[in-house]
Each structure stands twice: as structure tokens, then as C-alpha cells.
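See structure below.
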Amino acid sequence: MDSQYETKKNDPNAIHPYGDASGDEHVGEVRGLGGNIVEKEPEAQNGHAKFHRLGWKRLTIVLIVEAIALGSLSLPGAFATLGMVPGVIVSVGMGLICIYTAHVIGQTKLKHPEIAHYADVGRVMFGRWGYEIISFMFVLQLIFIVGSHVLTGTIMWGTITDNGNGLCSLVFGVVSAIILFLLAIPPSFAEVAILGYVDFVSIVAAILITMIGTGIRASNSEGGLSAVPWSCWPKDNLSLAEGFIAVSNIIFAYSFAMCQFSFMDEMHTPSDYKKSIVALGLIEIVIYTVTGGVVYAFVGPEVKSPALLSAGPTLAKVAFGIALPVIFISGSINTVVVSRYLIERIWPNNVIRYVNTPKGWMVWLSFDAGITIIAWVIAEAIPFFSDLLAICSALFISGFSFYFPALMYFKITRNDAKTAMKKYFLDGLNLMCFVIGMAILGIGTYAAIQDIMDRYDRGEVSQPYSCAPVA
């Protein structure tokens with residue numbers, strides 16, 4: 001086990017939410033954040049055990065469920081904007097940076113086992129005001145992600161049914177929201193991990209179908225693959241807004257760090273997190289870079305977002321059908337995370353949070369339903385795919401994946417470096433992460449807002465809460 005975690009565990013003055021300083025969990029005892037025994041009921045004992053069954057392999061699957069979904073569908077469009085060379089550089093570079101910032105988050109969790117969700121690190125670093133600000137960002141970001149999955153579901157149903165022969169697209173949004181609600185009913189991440197295997201196979205199969213379909217179409221077109229007008233460099237007359245929208249979509253693809261505290265809190269051996277984040281990071285880099293580059297090379301600058309729409313009418317229906325599990329399973333896990341956080345915040349010392357009593361289940365289902373409804377409203381208010389992802393990245397992922405981990409390093413883990421040379425290197429690396437986060441926050445937000453205004457002026461998107469097909 002990690003030595004830092006052992007130090008925290010053996011410190012008699014430390015907070016031990018899972019037992020005493022020896023690390024032992026006494027039968028029927030659950031301790032609050034102050035270390036005092038707050039529950040001795042069988043429901044508390046059983047619930048506590050239920051929410052600490054996650055190993056590193058299942059953590060990897062849960063992270064894949066949370067991360068590899070919408071991001072991969074927007075990458076080819078980002079490559080078309082940035083060009084092949086910048087696209088590959090940004091995709092690989094951001095992936096490596098996000099692996100490192102996830103490592104910082106993991107180290108922070110080991111030093112402060114009492115951190116159960118990302119919002120809690122705000123209290124550790126900045127006190128109550130930091131907790132409240134990051135809590136607001138955390139909840140809103142997760143709801144935005146669920147909303148983006150509602151929107152993707154709406155696009156999927158419209159594609160499969162040829163827009164329902166005139167059926168109002170709001171109906172597709174409602175159907176998507178209901179499915180997301182049903183899949184979010186299991187409250188434990190260990191249970192969600194079971195669905196994760198289906199999720200991963202689904203997205204890989206959909207990507208392969210998209211690659212094969214677009215490759216065959218390009219080969220059969222006039223001039224074959226050599227006639228596809230892809231470019232190594234950014235497209236002509238690229239505006240700041242367009243460029244940052246593309247970069248933001250790549251960043252969104254690597255947004256797994258936001259839920260890492262929540263997932264690690266359910267691990268039985270938290271120090272194993274390193275295996276999970278390295279495995280996930282490398283899998284993401286390969287999938288995203290290959291998907292973005294290959295589909296862009298097959299389709300060219302006219303590639304659509306989400307990329308499944310570029311496979312042709314028939315194959316797009318097939319690909320969307322196969323991608324159905326990933327669209328909804330990956331979206332539902334965000335509902336689980338935000339519901340868990342809110343319930344644990346409102347009832348920190350009550351068995352309600354374990355969702356193993358009738359009252360606990362009533363509260364759980366009510367929160368799931370409320371969050372899903374709010375997400376549906378957001379999806380219908382912002383009915384365009386790329387810009388929704390860009391807004392999320394600029395406002396929230398910039399912090400969760402970049403400047404917050406940099407601050408964690410400077411305030412919490414900096415002194416763990418064993419040599420001065422390593423400390424100076426990490427100082428520079430984390431300063432770079434902080435600057436990247438600030439740039440994404442400022443310029444990215446401007447670019448997203450500007451792009452929304454431009455697209456509305458050109459009449460390229462439907463109006464909010466419209467029955468028109470969503471694109």
C-alpha cells in the first residue's frame with residue numbers, strides 16, 4: 001500500500017472515515033468525518049460494505065464508462081478543424097497531461113481519505129467558500145454531461161427512425177431521458193461496472209463500424225482514398241472561436257478526473273488507483289487519436305459531429321444502434337455520481353445515503369428523477385452538440401482537469417517530491433497545467449459563446465424546445 005496512505009492511516013489524529021487508526025472496521029460501526037461513531041445499525045454496516053467493493057480493475061471499467069463516450073464522437077470533427085498534425089499533438093498531449101493531473105488527484109485522496117467527492121477538496125484547500133464554489137461547479141458540470149447524453153440520444157433516435165417521419169424531436173429527448181433515469185437506478189459504482197463491459201464493447205464496435213464504413217465510402221468514391229481532401233494543417237481562415245471549439249472538444253474527451261474522487265472513495269484499496277488511471281489514459285489516447293485521425297482521413301473536412309453521422313445513412317443507423325448502450329450507460333453514471341454527492345451532503349450521518357431502506361430508495365429515485373429532468377431541460381435549451389461540449393469544457397473541465405489539480409499540487413502534495421530537481425520539474429509542469437486551465441476558461445468560454453451566436457445567425461441550428469430534427 002502507498003506509504004503516504006499508511007502514514008495517514010496510522011496517524012492517531014487523522015480522520016478515518018472507514019474505521020479507527022488501525023484501519024479496522026468494527027462490525028456495525030460507521031464513523032462520520034470527525035471520526036466519531038455515528039451509526040451502529042445493521043443497515044449502516046451493510047451499506048458501508050456495499051459502497052467499498054471497488055478494485056482497480058473495476059475502477060478502470062467505471063472510468064471507461066464515465067470517459068469514453070461523447071468525446072470519441074467529436075474527435076474527427078476537431079481534427080478536421082485543427083488539421084491532422086495539430087490534432088494528433090493536441091490529442092496525445094492532453095491525454096498525457098490528464099494522466100498526470102489524475103495522478104495528483106489520486107495522491108491528494110491518499111493524503112486526505114476524508115475527501116469523498118471533488119467538492120470536498122475545495123474545503124481542504126480553501127475552506128467553506130472553496131467547498132461551495134467547487135460543489136456548484138461539480139453538480140452543474142455533471143448535469144451538463146447528462147444533458148449532452150440526452151441530446152446524443154435524441155440525435156440517435158432521429159437518425160435511426162429518419163426523424164420519426166415527422167415526429168417531434170422532443171419525444172426522442174423524453175425517451176432518452178427515461179432510459180438514462182432507469183440505468184441510473186443502481187446506486188453503487190461496483191454495480192455500474194458490470195454494465196461497463198457492455199459499454200466498452202459498444203463504443204469500440206461503433207467506432208470500428210464508422211471507420212470501416214467511411215473507409216469503404218472513400219474507396220468507392222471518385223479518385224478513391226487519395227482524393228479525400230484532408231490536410232496536415234488547420235483549415236484556411238480558421239477563426240479563434242472555431243479553433244478553440246475543436247480544442248475544447250478534445251479536452252472534454254479526457255474529462256475523467258472530475259469523478260475520480262467519487263470512484264476512489266468506493267475502492268477497498270485506494271492506493272491501486274495508479275494502475276487504473278494509466279490504463280484508462282493510454283486506452284483513451286489510442287482510441288481518440290486513431291478515431292480522430294482515421295475518420296478524418298477517410299471523410300475529409302466535411303466530417304460530421306458526432307462522427308457516426310459520417311458513415312452514411314444506413315451504416316449510421318447501424319452504428320447508432322450499436323452505440324446505444326454507451327450513449328445511455330455513460331450518461332447514467334454521471335447521474336449516479338451527482339445523486340450520491342447530494343444525498344451524502346444532505347444526510348451525511350444517516351442510513352438514507354446507503355440506499356438500502358425504503359426511505360433511502362424513495363430519496364434515491366427522487367434525486368435521480370429530478371436530475372434527469374433538469375438535464376433534459378438543458379439538452380433542449382442548447383440543441384447543438386459541439387457547442388454544448390465546448391461550454392462544459394471551458395467552464396468546468398478547465399478547472400477539474402487542469403488548474404484545480406495544479407493547486408492541489410502546490411497546496412497539498414508539493415513537499416512529497418524527494419529531490420529538489422524533481423520538485424522544480426513538477427513546479428514547472430503544474431504551472432503549465434494551471435496556465436492551460438486558465439486559457440481554456442477564458443478563451444474557450446469566449447469561443448463557445450461566439451460560435452453559438454454565429455451559428456444562430458447563419459440559421460444552422462434549431463430553436464430551443466423545437467420539434468425540428470436535432471443536428
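From the backbone N, Cα and C atoms, a Cβ is placed for every residue, glycine too.
The compositional bias 'Basic and acidic residues' feature in TrEMBL is assigned to 1-11.
Here TrEMBL flags 53-450 as domain 'Amino acid transporter transmembrane'.
The region 'Disordered' annotation in TrEMBL covers 1-21.
Among residues of the same chain six or more beyond the transmembrane segment (59-79), those with a C-beta under 8 A of the stretch's C-beta atoms are 87-88, 90-91, 145, 148-149, 152, 189, 192-193, 195-197, 199-200, 203, 207, 246-247, 249-250, 252-256, 259-260, 263-264, 267, 272-273, 275-277, 279-280, 283-284, 287-288, 291-293, 295-296, 299, 303-308, 310, 326-327, 329-331, 333-334, 337, 385-386, 389. Here TrEMBL flags 59-79 (among others) as transmembrane segment.
Per TrEMBL, the feature transmembrane segment maps to 85-105 (among others). Among residues of the same chain six or more beyond the transmembrane segment (85-105), those with a C-beta under 8 A of the stretch's C-beta atoms are 75, 78-79, 232-234, 246-247, 250-251, 253-254, 256-257, 260-261, 274, 277-278, 281-282, 284-285, 288-289, 292-293, 296, 401-402, 405-406, 408-409, 413, 429-430, 433, 436.
Annotation comment: TrEMBL describes 133-158 (among others) as transmembrane segment. Sequence-distant neighbours of the transmembrane segment (133-158) (same chain, 6+ residues past either end, Cβ-Cβ under 8 Å): 69-70, 73, 117-119, 121-122, 126, 164, 169, 172-173, 175-177, 179-180, 255, 258-259, 306, 309, 320, 323-324, 327-328, 330-332, 334-335, 337-338, 341-342, 345, 371-372, 374-379, 382-383, 385, 388-389, 391-392, 395-397, 399-400, 404, 469-471.
The transmembrane segment annotation in TrEMBL covers 164-185 (among others). Remote same-chain partners of the transmembrane segment (164-185), defined as residues 6 or more beyond its termini with a Cβ less than 8 Å from a stretch Cβ, comprise 146, 149-154, 156-158, 195, 327-329, 331-333, 335-336, 339, 364-365, 368-369, 372-373, 375-376, 379-380, 462, 465-470.
Taken from TrEMBL, the feature transmembrane segment applies to 197-218 (among others).
Marked as transmembrane segment by TrEMBL: 238-257 (among others).
Under the heading transmembrane segment, TrEMBL lists 277-299 (among others). With a cut-off of 8 Å between Cβ atoms, the residues of this chain six or more beyond the transmembrane segment (277-299) that come close are 60, 63-64, 67-68, 71-72, 75-76, 78-80, 84, 87-88, 91-92, 95-96, 98-99, 102-103, 106, 204, 207, 210-211, 214-215, 217-218, 225, 228, 230, 250, 253-254, 256, 260, 307, 310.
Residues or ranges marked as transmembrane segment by TrEMBL: 319-343 (among others).
Summarising the annotation, TrEMBL assigns transmembrane segment to 363-382 (among others).
Annotation source TrEMBL lists transmembrane segment at 388-410 (among others). Beyond the transmembrane segment (388-410), the same-chain residues lying 6 or more positions past its ends with a Cβ under 8 Å from any Cβ of the stretch are 70, 74, 97-98, 101-102, 104-105, 108, 118, 121, 125, 134, 137-138, 140-141, 144-145, 147-148, 151, 244-245, 248-249, 251-252, 254-255, 257-258, 379, 382, 426-427, 430-431, 433-434, 436-438, 440-441, 444-445, 447-448, 451.
Residues of the same chain lying 6 or more positions beyond the ends of the transmembrane segment (431-449) and with a Cβ under 8 Å from any Cβ of it are 97, 100-101, 240-245, 247-248, 251, 387, 390-391, 393-395, 397-399, 401-407. The transmembrane segment annotation in TrEMBL covers 431-449 (among others).
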Contacting positions for the transmembrane segment (197-218) when only residues 6+ beyond its ends and CB under 8 Å are counted: 61, 64-65, 68-69, 72, 224-225, 228, 287, 291, 294-295, 298-299, 307-308, 310-312, 315-316, 318-320, 322-326, 329-330
